[in-house]
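Annotation comment: TrEMBL describes 1-22 as signal peptide. The transmembrane segment annotation in TrEMBL covers 110-133, 145-167, 173-197, 227-249, 335-352, 359-386, 398-419, 453-471, 483-506.
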Amino acid sequence: MEKWSLMTITVLLALTVRWAVSLGSYSGAGKPPMYGDYEAQRHWQEITYNLPIRQWYFNTSDNDLLYWGLDYPPLTAYHSFVCAYIAKLINPDWVALHTSRGYESQPHKLFMRTTVFVADLLVYIPAVILYCFSLKETSAKKKASTCALCILLYPGLILIDHGHFQYPLSLGLALWAVLCLSHDWDLLGSVAFCLALNYKQMELYHSLPFFCYLLGKCFKKGLKGKGLVLLAKLAGTVLVSFAACWLPFGTDVEQIMQVLRRLFPIDRGLFEACMFSSPTHCPDKVANIWCSLSVLIKIKNVISPRTQLKLSFAVTFLSLLPACIKLTVQPSLRGLKFALVSCALSFFLFSFQVHEKSILLVSVPVCLIINEIPFMATWFLLVSTFSLLPLLLKDELLLPYAVTTPAFLAVCLASFSILEKTSAEDLQLKAFSLSLKGYVSWFKSFPRIVRSLFLLSLAGMGVLSVLSAAAAPPQRLPDLFPLAVAVVSCLHFLLFLVYFNVVILWDSKNRGQKKIS
């Protein structure tokens with residue numbers, strides 16, 4: 001009973017923080033003609049409720065795709081329809097075709113915020129709680145609730161879901177997939193991940209680790225025996241799951257092709273959310289390599305869109321290949337979690353048409369290993385929240401950012417004593433350090449160096465946050481501060497990518513993992 005009491009307090013605190021953040025502004029509030037992501041979600045409810053399914057993804061007189069056209073997979077559309085059905089019962093004006101465009105009112109805001117709360121309570125939060133209880137390292141009653149508190153208070157996800165406005169369903173379903181695989185419920189885990197992928201196509205960031213883990217498991221069992229049976233079951237499960245999600249569109253090839261064109265608009269080029277037309281103008285600032293390099297090299301001016309796509313694919317594939325090979329050869333739950341981090345970070349840094357919110361696809365897997373490497377996980381989660389600062393400032397979420405971020409750091413300091421866990425062993429670098437013994441003399445000073453870099457990083461992010469919020473940039477460089485945030489964050493992420501790959505490649509023990517037989 002005690003462990004559930006602690007967990008109840010944890011959940012109530014997490015919900016209170018979410019409620020407080022939701023009282024503030026949201027994406028595009030009072031900013032016609034396009035408004036923002038809040039209006040996009042409302043508009044999808046309008047479209048899915050009033051139009052037949054065959055028109056959801058097509059440009060028609062009733063469905064202007066240039067005005068927040070639906071560009072997510074079918075499960076997002078079905079979810080929008082369910083929300084719209086409830087909205088219609090409360091107030092038909094909220095989803096009235098055409099006339100509801102840009103609708104804003106306090107009752108409607110309460111309704112929309114409530115839909116996010118319900119998604120959190122039904123999908124994301126239960127997955128976090130059960131995951132923390134399942135951790136062998138956190139068998140003590142207090143530890144499970146402590147780990148859950150740190151995960152549930154991660155400010156990046158709270159500020160985007162309950163501030164900016166977004167649903168946590170795809171990330172929650174991906175967590176359920178990890179949870180199922182940790183109990184050897186491979187088929188249920190496959191279903192959960194298929195649902196996540198069919199809710200948001202960005203779950204492709206996580207697809208290769210899941211695929212490699214399950215394939216490696218089949219190899220370990222033997223492809224002439226149990227492994228072949230498992231492979232056949234997994235293939236059947238995936239096919240059935242996708243067929244169920246796409247059934248309303250499966251009767252018409254053109255329907256399927258149009259949905260795919262909306263999901264993957266490759267003709268837009270490499271830059272969708274980070275189009276630097278000049279060093280002094282950048283509409284949205286994404287902390288990935290292409291946007292950062294474009295400050296110096298005008299990539300979109302010197303490379304054709306098709307070549308950009310090929311280059312992005314090649315670099316992304318090469319950067320995630322080592323982790324995927326290791327996971328296939330040595331499948332383990334620990335390896336899966338680290339591979340989810342590494343592969344998602346590779347996609348964020350190098351892939352095609354990245355949005356700044358996509359960093360959450362890296363951050364949630366990092367939350368899963370916060371009990372194993374609390375220092376580096378906390379550092380990464382702070383940087384990932386910082387990278388969202390330009391978007392948060394645009395949405396007038398400075399105060400929630402300024403409160404939740406230091407609070408999260410304080411909770412992690414109190415829960416894990418992170419500044420005391422900077423040795424090579426604590427950072428999972430013992431095997432790597434032994435391989436460098438005799439070559440790198442400064443490794444003895446490693447803990448002190450890492451702590452110093454962490455404090456320097458915090459100071460830099462703090463200064464840039466204050467400047468971004470309070471200082472006026474030079475007239476000649478109006479986007480100086482957002483650009484600095486993006487570049488500084490990108491440099492951090494590149495170093496984190498190297499670190500996570502080192503941990504993965506030098507980890508031969510797969511500690512605490514059940515033997516796959």
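Positions of Cβ are set from backbone N, Cα and C atoms, glycine also.
Keep in mind that this is a model prediction, so the values were computed, not measured.
Sequence-distant contacts of the transmembrane segment (145-167), counting only residues of its own chain at least 6 positions beyond either end whose CB sits under 8 Å from a CB of the stretch, comprise 3, 6-7, 9-11, 13-14, 17-19, 21-22, 24-27, 36-38, 41, 79, 112-113, 115-117, 119-120, 125, 128-129, 132, 135, 138, 357, 359-360, 363-364, 367-368, 370-371, 378, 381, 384-385, 388, 391-392, 395, 397, 400-401, 404-405, 407-408, 411-412, 415-416. The stretches the transmembrane segment (335-352) and the transmembrane segment (359-386) meet in space: the count of Cβ pairs below 8 angstroms, excluding pairs fewer than 6 apart in sequence, reaches at least three.
Long-range contacts of the transmembrane segment (453-471) within its own chain (CB-CB distance under 8 A, at least 6 residues past either end) are made by residues 375, 379, 382-383, 386, 389-390, 393, 398, 401-402, 409, 419, 422, 481-482, 484-485, 488, 492.
Using a Cβ-Cβ cut-off under 8 Å and counting only residues 6 or more beyond its ends in the same chain, the transmembrane segment (110-133) has close neighbours at 3, 7, 11, 14-15, 18-19, 22, 38, 41-42, 83, 86-87, 90, 94, 144-145, 147-148, 151-152, 161-162, 165-169, 171-173, 175-176, 178-179, 182, 367-368.
Under 8 Å from some Cβ of the transmembrane segment (483-506) lie the Cβ atoms of residues 274, 282, 285-289, 291-292, 295, 319, 322-323, 326-327, 335, 338-339, 341-342, 345-346, 348-349, 373, 376, 380, 383-384, 386-387, 389-390, 427-429, 431-432, 435, 457, 460-461, 464, 468, all in the same chain and six or more residues away from its ends.
Here the signal peptide (1-22) has long-range neighbours at 113, 116-117, 120-121, 125, 129, 133, 141-142, 144-145, 148-149, 152-153, 158-159, 161-163, 397, 400, 404, 407, meaning same-chain residues at least 6 beyond its ends whose C-beta is under 8 angstroms from one of its own.
Counting residues 6+ beyond its ends, the transmembrane segment (227-249) has Cβ neighbours under 8 Å at 53, 73-75, 186-187, 190-191, 194-195, 198, 214-215, 217-221, 255-256, 259 in the same chain.
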